[in-house]
Amino acid sequence: MYFKYTAAALAAVLPLCSAQTWSKCNPLEKTCPPNKGLAASTYTADFTSASALDQWEVTAGKVPVGPQGAEFTVAKQGDAPTIDTDFYFFFGKAEVVMKAAPGTGVVSSIVLESDDLDEVDWEVLGGDTTQVQTNYFGKGDTTTYDRGTYVPVATPQETFHTYTIDWTKDAVTWSIDGAVVRTLTYNDAKGGTRFPQTPMRLRLGSWAGGDPSNPKGTIEWAGGLTDYSAGPYTMYVKSVRIENANPAESYTYSDNSGSWQSIKFDGSVDISSSSSVTSSTTSTASSASSTSSKTPSTSTLATSTKATPTPSGTSSGSNSSSSAEPTTTGGTGSSNTGSGSGSGSGSGSSSSTGSSTSAGASATPELSQGAAGSIKGSVTACALVFGAVAAVLAF
């Protein structure tokens, strides 16, 4: 009985450690440089061609391409191949055609993240063949643990599925192969104060949550210890498509509120002649975009079209499941030598130049610097949370 309650309590508290809690420059705390924008309404990448990586940064490990697309391989301790778009977009849609990595403890991740620690996630555990995880964070707030859900999907490690995040100022909708599995409305997220609403970039990566150097709770959440001798374990991404509701050359936070109303954007230009035939962007006229003036200006904000959001509840949708007590337990984190995305796809770093929040422990090092630095401090902090809960229950 004690174990039952301990497991349930840990399952509830573990998401506290899973948001990104570090940013190179957090606009909630100080004035930051503008974000480079996607100055087009759409962007597509066919990862069966190496040129599709032209608008991406390989921030950890190596990401080769092959017939099945970009390859994110975990073969040994510390492997956490990760790529980020080199641009941000502001409301719209992100579609990723992915086959998750197999292997107990191996995590495949699709993450949208912003500089002020807003985040929207997909995560697939290598040993879970029937479901995937959805999650979100606003402003790095990890004080509640009701954000994550598990939703059904068939054989994600054997089959390519299209994972979609449709993101507007009113709602976030997660879909698999065109079927909605979860909807989060603006008001569901603490009255909108924790709703993801600032310019995001897309991050893709895999890592070993089951690495033996990780905290016990992380390993349990990931499904168990990763057996590297049975690998390698590869996540494949065939293609990516992004719709940008507000094309712009750059996005600027006009104050420290972190609200979508505070975002100013500069210009929309036609960059349809992109780097290659397999990585292309298209610009169209939009009421959302400002003029091409170099002075940032607020313009009528556009949002992508989507189904009417559900009126209430943290998660809704025909296939969504409750987040109250997931079938696996544990937190997130990468190995102490690697970096990667996960439910803990957040950025963190030992650099003294960044800014951090007190919301929770960082789960990964700052990937934009291309570093695979140590995160012993952050995973230790998560482990302390687990220990504290267990101690209280034992008492």
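Glycine is treated like the rest: Cβ placed from N, Cα and C.
The annotation compositional bias 'Low complexity' is assigned in Swiss-Prot to 272-338 (among others).
Under the heading compositional bias 'Low complexity', Swiss-Prot lists 348-364 (among others).
Per Swiss-Prot, the feature disulfide bond maps to CYS25-CYS32. Taking a C-beta cut-off of under 8 angstroms and a sequence separation of 6 or more, CYS32 (disulfide bond) has the following same-chain neighbours: CYS25, ASN26, ASP115, TYR253.
As annotated by Swiss-Prot, domain 'GH16' applies to 45-230.
Positions annotated as region 'Disordered' by Swiss-Prot: 271-374.
Over all protein chains present, the Cβ of CYS25 (disulfide bond) has 16 other Cβ atoms lying within 10 Å.
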